[in-house]
Amino acid sequence: MEKVNFRTQVLTRHLQDNHRVAATAISSSPCLSYTPPEVSEQPSSFDVNSMRKLMDGHNLEDRDWLFNLMIQSKLFNPKLRGGKVFVVPDYNQSMEQQREITMKRIQYLLDHGVFEGWLTRKGFDAEMRKLALLEVIEIFDHSLAIKIGVHFFLWGGAVQFFGTKRHHDRWLSATENYLIKGCFSMTELGHGSNVRGIETITTYDSKTREFVINTPCESAQKYWIGGAANHATHTVVFSQLNIDGKNEGVHAFITQIRDEDGNVCPNIRISDCGHKIGLNGVDNGRIWFDNVRIPRENLLNSVADVSPDGKYLSAIKDPDQRFGAFMAPLTSGRVTIAVSAIYSAKISLAIAIRYSLTRRAFSIAPNAPEVLLLDYPSHQRRLLPLLAKTYAMSFAGNYLKQLYVKRTPQLIKTIHVVSSGFKAILTWHNMRTLQECREACGGQGLKTENRIGQLKGEFDVQSTFEGDNNVLMQQVSKALLAEYAAVKRKNKPFKELGLEHMNKSCPIIPSQLTVSTARSAQFQNDIFCLRERDLLNRFAAEVSRYQAQGESKESAFIASYQLAEDLGRAFTDRAILQTFIEAENNVTDAPLKNVLSLLRSMYVLVTLDEDAAFLRYSYLTTENAATVRKEVAKLCSEIRPHALALVSSLGIPDAFLSPIAFDWVAANSWSTVQN
């Protein structure tokens, strides 16, 4: 308490308008020295290892095994800085060098059994281990993780989920052992999010029993295909399937694009997408198909097939349902992207907060020591709400993984909607966090070795690949509207998408918000549910109003985009909060529960403070909004003593952070230049 009182007194004097300081002689002061925050900060009030278990959620031993495996190899670029070894990719390398080292790292991981069972083992434990190890790889290098993810989750996942036994027997083991290298050809120059609109055309030749794949125009070239430019030998091509002049919609075909010697196959043209703002360890390419012939058996036929004599066969007669069945397995990409975004945010917050616990700026009184950055309320307000949000979204990511791994046909719609919302909100949060942490580290945040600035370029793509975030949020709102319409039409209660709260009476928010109410889980859940309920009603009414004026349903939806965006956020925020509350309710340890309560309140109240919808639609009065704003500042001061323990619980080993997270004075000493 003495330390807390001292800080309070120091900051009070600093913030007071005091003009009485007389001009005095400036005395010399000793040079700055680094004091580890573990020495200067108070001991943690909760068990850090227990908190880490909550954050990572699963497979801690497997994670630590892979961390150590990477630290041991020179392939992962170990560098001694300030008395500590850090493993971070060398982004000063050329694009070609980054691609080469990425493949060498994959070979190292393969040789050490990292990918064992990724495609050939089934069951919950195997799936969760695979996800855990991919998250560790993400922490080291996004390029490496994307390269592996394309091979296993996109190419391998397509073979696994779109294919049948004949494909599994031929391709899965070979993929797991990198006897072939796969890529995933869906995106085109002219079509990204709108998969239904892709222009690649495949026809069937019943005489030779072959499919013929063609790129009919330049806008149909496959674009941004990870692995295509240099290394991939095979790809899954998504194409319109024309049978006897009838377009049967988008289907997937296995196609070889390089031979065993790495030469591009006949009738295939490949070009490099070139240098990017990040992910230069991934060889993104463009592909054209000039009437490429493949065996009939190369159609991935779990949903539809073509008989030897050219008859189109599918148990799903409705084209919309058939397309939905094709797209359903692709949610794995959104799941892994959402979770990796949170680990990126964890890295940047661990670095920025550790730095702010040792870096000082400005003294309050003559000859007084300078103040730690994190002892300034303004600095706390910049970083600690983002830390609380990251904790909340960690619980959301863990929930999403469980939902995906335990998927059933009945859960397909829920997984699609939740993964769309989480992917958008979590990746947007990551980019905001990276920018704030970069700025909070000042000039040191610009240095590549300190990771944060580089991570911005590496992770920026997450806002648009596997679905543009704004489009995904509209899909969330469209699904909610469809559920709303079905319930109203059948006059039955809500049972899906977490909308069961709409079966209850509308929550009432107090006209005068007290501190105890603001921090209660009941109020927090009520106001998030109120926002979602009201926005869904408003959205449905606005779409109906446009339709009554003669607009089509799709045009009405497009015209209501502002409400759609607000609703998508409301749904996702409420879903995130509920994962937090559920995780918190499962904790029995009192110190752990106390700090989680602070973080939950910070997550909710800073959302109320920052989202204009709460004032726009009068869920909060201006007086209550002022109360919320004051409470956010108070929560910052209460979370401040836990800052070191909270970032130490994020599961990021020291070697995967950066020099400014530790002895930044030694890391920048003249001796490091000489060595």
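Glycine is no exception: its Cβ is also placed from the backbone N, Cα and C atoms.
Annotation comment: TrEMBL describes Glu466 as active site, proton acceptor. Here TrEMBL flags Thr187, Gly226 as FAD binding site. Look at TrEMBL and you will find 183-292 tagged as domain 'Acyl-CoA oxidase/dehydrogenase middle'. Annotation comment: TrEMBL describes 330-481 as domain 'Acyl-CoA oxidase C-alpha1'. Feature annotation from TrEMBL assigns domain 'Acyl-CoA oxidase C-terminal' to 528-657.
Each residue contributes its Cα atom, and for Thr187 (FAD binding site) and Glu466 (active site, proton acceptor) those atoms are 10 Å apart. In this structure, the CA atom of Gly226 (FAD binding site) is 13 Å away from the CA atom of Glu466 (active site, proton acceptor). Averaged across the domain 'Acyl-CoA oxidase/dehydrogenase middle' (183-292), the predicted model reaches a pLDDT of 97. There are 21 other CB atoms within 10 A of the CB of Thr187 (FAD binding site), with all protein chains counted. Neighbour count (other Cβ atoms within 10 Å of the Cβ, all protein chains): 25 for Gly226 (FAD binding site). Mapped onto DSSP helix, strand and coil, the domain 'Acyl-CoA oxidase/dehydrogenase middle' (183-292) counts 6 helix, 54 strand, 50 coil. Broken down by DSSP into helix, strand and coil, the domain 'Acyl-CoA oxidase C-terminal' (528-657) contains 108 helix, 0 strand, 22 coil.
There are 25 other CB atoms within 10 A of the CB of Glu466 (active site, proton acceptor), with all protein chains counted.
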